[in-house]
Amino acid sequence: MAFKIASSPHVTRNLHTSTVMQRVILCLLPGLVVQCAFFGWGTLVQVLLAILVALSCEAAVMKLRNRNIKASLSDNSAMLTAILIGVAIPPLAPWWMIVMGTAFAIVIVKHLYGGLGHNLFNPAMAAYVLLLVSFPVQMTTWIAPSTVALHSPSLVESLQLIFNVGAHVNMEQFRLGIDGMTMATPLDTLKTDLSMGLTTTESLTKAIFDGSTGVGWFWVNLAYLAGGLVLLKLKAIRWHISTGVLLGLFVASSIGFLLSPDTQASPLMHLFSGATMLAAFFIATDPVTAATSPRGRIIFGALIGVLVYIIRTKGGYPDAFAFAVLLANLCAPFIDYYVRPRTYGHSTS
């Protein structure tokens, strides 16, 4: 075997922040496209509105801090935060909610603590929790996927509903069901049915489910999984956190399902419903708010996965990734303190 010997210096090229953010955004696109295909133009409108607000807030804060506005906007961190918020909230949520959430994420969560690299919590998830706690009805009102809905809002109708101007139908009609079914996510529907005494098998016979997963949500999660795998291939993220999240959720949900299959969702449904793949590859992997060591990252991810299962099954919210990520952010310094790599030349860290 022939080896090519190159002269020194052997310099490796580090990825700039803007390059990493660009790769993450590009890998988000498959999931965004599939989500728009199933849930309409509203998702795209929310994303574009969030980007506009995020860039405006970023520029305003940089101006107040006498920092370089162009450099801050070009690192793409504000745009990524905006996209994550835009895909997380319901497609037809009122415009002022995405404005409020995005402004809170950029101004308070990110810049109040010093800007990029200094925030204690994931900005997108902090904004999501703020909106969910403040406006639970609007944040849990989803339209039915296009494959089962008798009427999906067009681009014009989506704009009218989001901005509440001149719409021939209102959000209440979509919520009550133009298509004759409740507008709730599969996880929310299953949780409600179980609380009413139905079994998992009985609940899964509803039109919003497709076998063992929710209609549309399986393909949305599959698209985000594909994007996440590309992200790993590009080395924009490391595998530890994503693996920890999925493994923690899979093990916890498998134990629950084996112990009580009539009252628990299957591991497949937990993995391919809600924001599982989006959170595992694009949210939990935020390097600023996560643990730093390889073992610490696995523990950090597994903690998120277990917390998601606990909150989904025992808590008041059907999808719990935002709460799980924020709680894990709180634990990250603790994990880093006790899970440190061994110092070279010493038997202990």
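Positions of Cβ are set from backbone N, Cα and C atoms, glycine also.
Range 212-232 is the one annotated as transmembrane segment, of 149-169, 212-232 (source: Swiss-Prot). In this chain, the transmembrane segment (291-311) lies in contact with the transmembrane segment (239-259); the count of Cβ pairs under 8 Å, excluding pairs fewer than 6 apart in sequence, is at least 3. Note on the transmembrane segment (77-99): residues 17, 21, 24-25, 28, 31-32, 35, 39-43, 45-51, 53-55, 57-58, 105-106, 110, 116, 123-124, 127-128, 131, 135, 138-143, 153, 158, 161-164, 171, 174, 275, 278, 282-283, 322 of its chain, located 6 or more positions outside it, place their CB under 8 angstroms from a CB of the stretch. Looking at which of 124-144, 212-232, 265-285, 291-311, 315-335 has the most CB pairs under 8 Å to the transmembrane segment (20-42), the answer is the stretch 212-232. Note: the stretches the transmembrane segment (315-335) and the transmembrane segment (124-144) are in contact (3+ CB pairs below 8 A, sequence gap of 6 or more). Beyond its flanks by at least six residues, the transmembrane segment (212-232) meets 23-24, 27-31, 33-35, 38-39, 144-148, 185-187, 204, 238-239, 242, 266, 268-269, 271-274, 276-278, 280-282 of its own chain at Cβ-Cβ distances under 8 Å.
Packing around THR185 (FMN phosphoryl threonine) is summarised by its Cβ count: 21 other Cβ atoms lie within 10 angstroms of its Cβ, all protein chains included.
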